[in-house]
Amino acid sequence: MSAKSTATKPSTAAVVDQWTTLSYQAGFGNHFCSEVLEGALPANMNNPQQCSYGLYCEQLSGTAFTMPRFKNQRTWLYRILPPVVHDLYKKNASTGDVITDFTNEDATPQQLRWKPMAFPKATDKVDFVQGWKTMGGAGDPTLKTGMAVHMYAANTSMGDKCFYNSDGDFLIVPQEGVLKITTEMGKLLVSPHEIVVIPRGIRFTVDVDGAVRGYILEVYNRHFILPDLGPIGANGLANPRDFEHPVAWYEDRDVDYEVVTKFAGKMFSAHMSFSPFNVVAWHGNYVPYKYNLDHFCTMNSVNYDHPDPSIYTVLTCQTDEPGCAVADFVIFPPRWMVQEKTFRPPYYHRNHMSEFMGMVYGHYDAKAEGGFVPGGASLHSIHTAHGPDADTFLQASNADLKPVKFTGGLAFMFESTYMMKVTDYALSCPQLDKDYHKCWQPLPKLFNPKKK
Ligand SMILES: O=C(O)Cc1cc(O)ccc1O
Ligand SMILES: [Fe+2]
């Protein structure tokens, strides 16, 4: 499949509006074509001896050249100058609170929960790349094994600075504030309720209009795919056509541009003398994309029992073992709950996988209001016992089971087969809820051998 589209370079007067009038190319996993100037894409070939308009041609690979065709990803870029033109990379003195190699971090079987992460003070200028705090993860990107969870909070645009991640792919869940993301393949406007995936190696910069906050899932190997649907059939959950990819956009600016990369967990910077967002045309299937979670087509039990949360999987990044994820991205969206004779909130459980949860808005049906809130987070590690708090248990086990539409919120889970280690930052920040475990202590003993 392929989609063809064109975009025009906006005039300065239109710059104000360009974010609200963006167009996108639809379809998960498609091969796309996009050009700003007609004929900038070479016809029927990738690297002509001379490209139209004096452009340079560059291939960006998203997989090994020899990966099977159905997994192979790459994009051809036709640009004013190639990004190879830069000065020496310098290692930044500090990586702040960003951790990528978890070898020396600790894991804990304790249930953990965090209150909403703080926004930067208005007097501190913090951009998207500066405002990351790693909460936890596992593995090491140099061996392409593992994953990490970061939280971001920022209040300033990146300006003439771009970032690319050498360590893995990013799945970003905005919780507060709109992200105006310019990538080498074009622009994406990403609001809360939406997610954006930026695969490794793709340069991007983020503009903001005020304070922003959210969550980042980073996977060190492979890429996100749509989950198989099995007996569900050909449709449902996140439908492929709802995934939106940018159209080509370029600027021709000679300016000191800083390129930052996270490379084996360390931040490096180099300088270019022009904007890296100088791609006039591109074609390929290695592309950033966004998805509006409100489009998720939710499946659920319509007679009895609470199904496993895998029915809510939006995207998955798989290990070698089919069905076992480096990380699944799972949401708990508004939906009807109609099960009869059933305890409807999540069951008590001890999971084979680690569960890191966050909240975009509202509340979650396993926790009484006030504990797990928008911008907050929780971690229930491998085989750590968890489930509804005492208030929720008592309320739900006595509830009148008429059909109920849960419209109260949007929580999500990054679920991983790896034992997530927790950073010193996450264990020492003031947002850590030291009383979390107490929410289960009031659970009453209801056992009565004489009453069935
Ligand atoms: O722990 C959680 O709240 C997430 C979750 C939800 C659910 O419906 C079933 C299992 C599960 O881990
Ligand atoms: Fe759980």
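Glycine is no exception: its Cβ is also placed from the backbone N, Cα and C atoms.
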| remark: Among GLU340, GLU355, the candidate listed by TrEMBL alongside HIS349, HIS386 for Fe cation is GLU355
| request: Output: those recorded positions from HIS306, GLU355, TYR364 whose CB lies less than 6 Å from an atom of ligand 2, in sequence order; none if no residue fits. | output: GLU355
| query | Beyond HIS349, GLU355, HIS386, what residues of that chain have CB atoms within 8 A of the centre of the Fe cation site's CB atoms? | reply | PRO346, ARG350, ASN351, HIS380, THR384, ALA385, GLY387
| remark: In the three-state DSSP scheme, HIS349 (Fe cation binding site) belongs to strand
| request: May I ask which residues of the same chain, at least 6 positions away in sequence, place their Cβ under 8 angstroms from the Cβ of HIS306 (active site, proton acceptor)? | output: GLN339, THR342, PHE343, ARG344, PRO345, PRO346, TYR347
| Cβ packing number for HIS349 (Fe cation binding site), 10 Å threshold | 15
| request: Measuring Cα to Cα, tell me the gap between HIS386 (Fe cation binding site) and TYR364 (homogentisate binding site) in whole angstrom. | output: 14
| message | Please report the distance from the Cα of TYR364 (homogentisate binding site) to the Cα of HIS349 (Fe cation binding site), rounded to the nearest angstrom. | response | 17
